[in-house]
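Undergrad: Following this message is one structure expressed as structure tokens.
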Amino acid sequence: MMILVTGGARSGKSRHAEALIGDAPQVLYIATSQILDDEMAARIQHHKDGRPAHWRTAECWRHLDTLITADLAPDDAILLECITTMVTNLLFALGGENDPEQWDYAAMERAIDDEIQILIAACQRCPAKVVLVTNEVGMGIVPENRLARHFRDIAGRVNQRLAAAADEVWLVVSGIGVKIK
């Protein structure tokens, strides 16, 4: 079962996603963040400290089909957090050292879509419950710079693809989860 949990920043998405995992005997938490500064390190540690001790953590943001496999048991669970961070990492990996003003966003989106299609296929083959957390980025103002606009657009389309493929979709607002699919 593939479940998508979306919402704004600090909306309670993580807590809601963790509740959806329930009491699965084996949980793999896939963290897509990269530790780039002390603040991010502290945020990641805060999340780790709040998880049950038996949860395993894998830090990975690419080739997720190597972790989400058909070998898992049906009562196991995977929590992947977060899709928008994965999209950010992919954008910057694809852009390399080039100026973001010169990036070919259409080609980058195709490459990101390929990665998302592989992720969806892995989730659909996996017998375990897979909960994906993402940020709802399309409810705010139009960003003023090109990179931010393209990120918002790409992340929004990624979320649409994931929602279409998911068995359930939850929107979390102010700590309250609303099932929308």
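Just so you know, glycine gets a Cβ as well, placed from its N, Cα and C.
According to Swiss-Prot, the record shows the following:
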- 7-14, 31-33, 48-51, GLU59, GLU81: GTP binding site (BINDING)
- HIS47: active site, GMP-histidine intermediate (ACT_SITE)
Undergrad: Express the distance between the Cα positions of LYS13 (GTP binding site) and HIS47 (active site, GMP-histidine intermediate) as a whole number of Å.
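TA: The separation of the Cα atoms works out to 12 Å.
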Undergrad: Out of ARG10, HIS47, give me whichever of these recorded positions has the highest number of other Cβ atoms within 10 Å.
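TA: Per the Cβ count within 10 Å, the most buried is HIS47.
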Undergrad: With every protein chain in view, what's the tally of Cβ atoms within 10 Å of the Cβ of GLU59 (GTP binding site), excluding that atom itself?
TA: 12
Undergrad: I'd like the number of other C-beta atoms within 10 A of the C-beta of ASP49 (GTP binding site), please.
TA: 7
Undergrad: Between GLY7, LYS13, THR32, which of the binding-site residues has its C-beta surrounded by the fewest other C-beta atoms within 10 Å?
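TA: Ranked by other Cβ atoms within 10 Å, the binding-site residues GLY7, LYS13, THR32 bottom out at THR32.
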Undergrad: How many Å separate the Cα atoms of ARG10 (GTP binding site) and HIS47 (active site, GMP-histidine intermediate)?
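TA: Answer for this pair: 13 Å between alpha carbons.
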